[in-house]
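TrEMBL annotations:
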ACT_SITE  LYS10  active site
DOMAIN    74-152  domain 'GHMP kinase N-terminal'
BINDING   PRO102, VAL103, ALA104, GLY105, GLY106, MET107, ALA108, GLY109, GLY110, SER111, ALA112  ATP binding site
ACT_SITE  ASP144  active site
DOMAIN    212-285  domain 'GHMP kinase C-terminal'
Amino acid sequence: MTSTVRVPAKINLSLAVGPARDDGYHSLATVYQAVDLHDEVRATSRDDGRITVTVHSEAPSTGESDEVPVDDRNLAVRAADLLRETMGVEEGVDLAIRKAIPVAGGMAGGSADAAAALVACNAEWGLGMSRDELQELATRLGSDVPFLLHGGNAVGGGRGELVSPVLARSRGSYHWVVAIAAVGLSTPAVFGEFDRLQDGADVEEPRVPDDLLSALRAGDPAELGAALSNDLQAAALSLRPELQATLDLGRDAGALGAIVSGSGPTTVFLAGSEAEGLDIAFALAAAQVCADVVQARGPVAGARLIT
Ligand SMILES: C[C@](O)(CO)[C@H](O)COP(=O)(O)OP(=O)(O)OC[C@H]1O[C@@H](n2ccc(N)nc2=O)[C@H](O)[C@@H]1O
Ligand SMILES: Nc1ncnc2c1ncn2[C@@H]1O[C@H](COP(=O)(O)OP(=O)(O)OP(=O)(O)O)[C@@H](O)[C@H]1O
C-alpha cells in the first residue's frame with residue numbers, strides 16, 4: 001500500500017520574539033498562515049523495520065549547506081521513527097519526499113515534511129491515531145511542526161509549538177509573492193544574531209499585535225499588509241544586508257506589505273490581487289535580486305492525505 005500526504009509551507013504574519021529561555025529556545029508569539037506551496041510525502045510500508053528516505057527537489061537549487069539529508073537527520077525520518085517507537089510498530093517505511101518548499105528558507109520546509117510523515121505513516125501503518133495525538137508527537141519534533149498539521153491561520157505560543165485556532169472568525173484569501181534566495185539561512189544563527197543585536201537589553205514578553213488580528217477578522221489585505229511584523233527581520237538583514245533591496249523593490253512594485261519570512265532569507269510580499277502579484281513577481285524577477293519567485297495563496301489546510 002502507499003499513503004501520500006500534501007503539506008503546505010508557512011508564513012509568519014507576525015513574529016514577536018521574547019527573551020531566551022533556560023532551554024535555549026526563545027518564547028514566541030506568532031500568527032501563522034499556511035500557504036499553497038506544497039511538499040508531498042509518500043509512505044510505503046516495508047516488512048524489515050527499516051526507515052528510508054529519498055528526496056526529489058522541485059525547489060530552486062540552493063547552496064551546498066542547504067542540502068536535505070537522506071539519513072536519520074531528515075525530519076521526516078525522525079517523525080516516522082518517533083511514531084514507530086511510540087506505538088511499538090514493527091514495520092518500516094520508505095519515504096519519498098517531493099520538495100517544492102525552499103530549503104532553509106524560513107518557510108518551515110523540514111517541519112512540513114515531519115508533519116506529513118506523521119500523517120502518512122499513521123495511515124500506512126493503520127494506527128488510527130487522532131489529530132490530537134499526532135499533535136502531541138509533533139511538538140516533540142520542532143517548534144513549527146504542530147502548525148503544519150493544523151494549517152489555516154493560527155496563533156503560536158510557547159516556542160511556537162502551542163497552536164491555538166483563535167482565528168476561527170478570520171476571513172479572506174490572500175495573494176502572496178515569495179522571493180527565494182540562492183542560499184538559505186540557519187534558524188539558530190538568526191536567533192543568535194537576534195540575541196547579539198539586543199546586546200543584553202531587556203526583551204519584553206512577546207505578544208500578538210491587535211492590528212494584525214483585526215485585519216484578519218476583517219479580511220482586509222491593505223490592513224493586513226500594514227500590520228505584518230517580524231522581530232527576526234533585523235537579525236536576518238544583519239546577516240544578509242542585500243535582502244533590504246529585495247524588500248524595497250517589492251514595495252515599489254505595489255506590495256501592500258513586505259517582510260522577511262520567519263528566520264529568512266525568503267522574503268514575502270502581500271499583493272492586492274493575483275494580477276498585482278504578477279506585477280510584483282515580474283519586477284523582482286527582472287531585477288535578478290533572488291534565485292526564484294513564486295506566487296502563493298493562503299490560508300490553506302494543513303497536512304492532508306491525498307490517497
Ligand atoms: C523561526 C520560526 O520558523 C518561526 O515560526 C521557528 O521559530 C523556528 O522553528 P523550527 O525551525 O521548527 O525550530 P526548531 O527546530 O524548534 O529550533 C531550531 C533552533 O532555532 C532556535 N529557536 C527556535 C525556536 C524558538 N522559539 N526559539 C529558538 O531559539 C533554537 O536555537 C533551536 O535550536
Ligand atoms: N525534510 C527536510 N527538508 C528540508 N530540510 C531538512 C529536512 N530534514 C532536515 N532538514 C535540515 O534542516 C535544515 C533547515 O531546513 P528547513 O527547510 O526546515 O528550514 P527553514 O524553512 O528555515 O525552517 P524554519 O522556517 O522552520 O526555521 C536544512 O538545511 C536541512 O539540513
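Note: Cβ is positioned from N, Cα and C throughout, glycine not excepted.
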Item to check | C-alpha spacing of LYS10 (active site) relative to ALA104 (ATP binding site), in angstrom | outcome: 13
Next on the checklist: Suppose we screen the recorded positions LYS10, PRO102, GLY110, ASP144 by Cβ distance to ligand 1 with a cut-off under 6 Å; which survive, in sequence order?
Outcome noted: ASP144
Checklist entry - Among the binding-site residues listed here, ALA104, ALA108, ALA112, which has the most company in the form of other Cβ atoms within 10 Å of its Cβ? => result ALA112
Next on the checklist: For the ATP site (PRO102, VAL103, ALA104, GLY105, GLY106, MET107, ALA108, GLY109, GLY110, SER111, ALA112), what does the 8 A shell look like? I mean other same-chain residues with CB within 8 A of the CB centroid.
Outcome noted: ALA9, ILE101
Checklist entry - Quick one: Cα separation, ALA112 (ATP binding site) versus ASP144 (active site), in Å? => result 8
Checklist entry - Can you check what DSSP calls GLY110 (ATP binding site), collapsed to helix, strand or coil? => result helix
Next on the checklist: Out of the recorded positions I have (LYS10, ALA104, GLY106, ALA108, GLY110, ASP144), which ones have their Cβ sitting under 6 Å from ligand 2?
Outcome noted: ALA104, GLY106, ALA108, GLY110, ASP144
Checklist outcome for this item: One of the binding-site residues PRO102, ALA108, GLY110 has its Cα closest to the Cα of LYS10 (active site), namely ALA108
Next on the checklist: Measuring Cα to Cα, how far is GLY106 (ATP binding site) from ASP144 (active site) in Å?
Outcome noted: 10
Checklist outcome for this item: Rounded Cα distance in angstrom between PRO102 (ATP binding site) and ASP144 (active site) is 15
Checklist entry - Quick one: Cα separation, ASP144 (active site) versus GLY110 (ATP binding site), in Å? => result 9
Checklist outcome for this item: Close in space but at least six residues away in sequence, with Cβ under 8 Å from that of GLY110 (ATP binding site), the same-chain residues are VAL68, ASN74, LEU75, VAL103, GLY142
Checklist entry - Using DSSP and three states only, what is PRO102 (ATP binding site)? => result coil
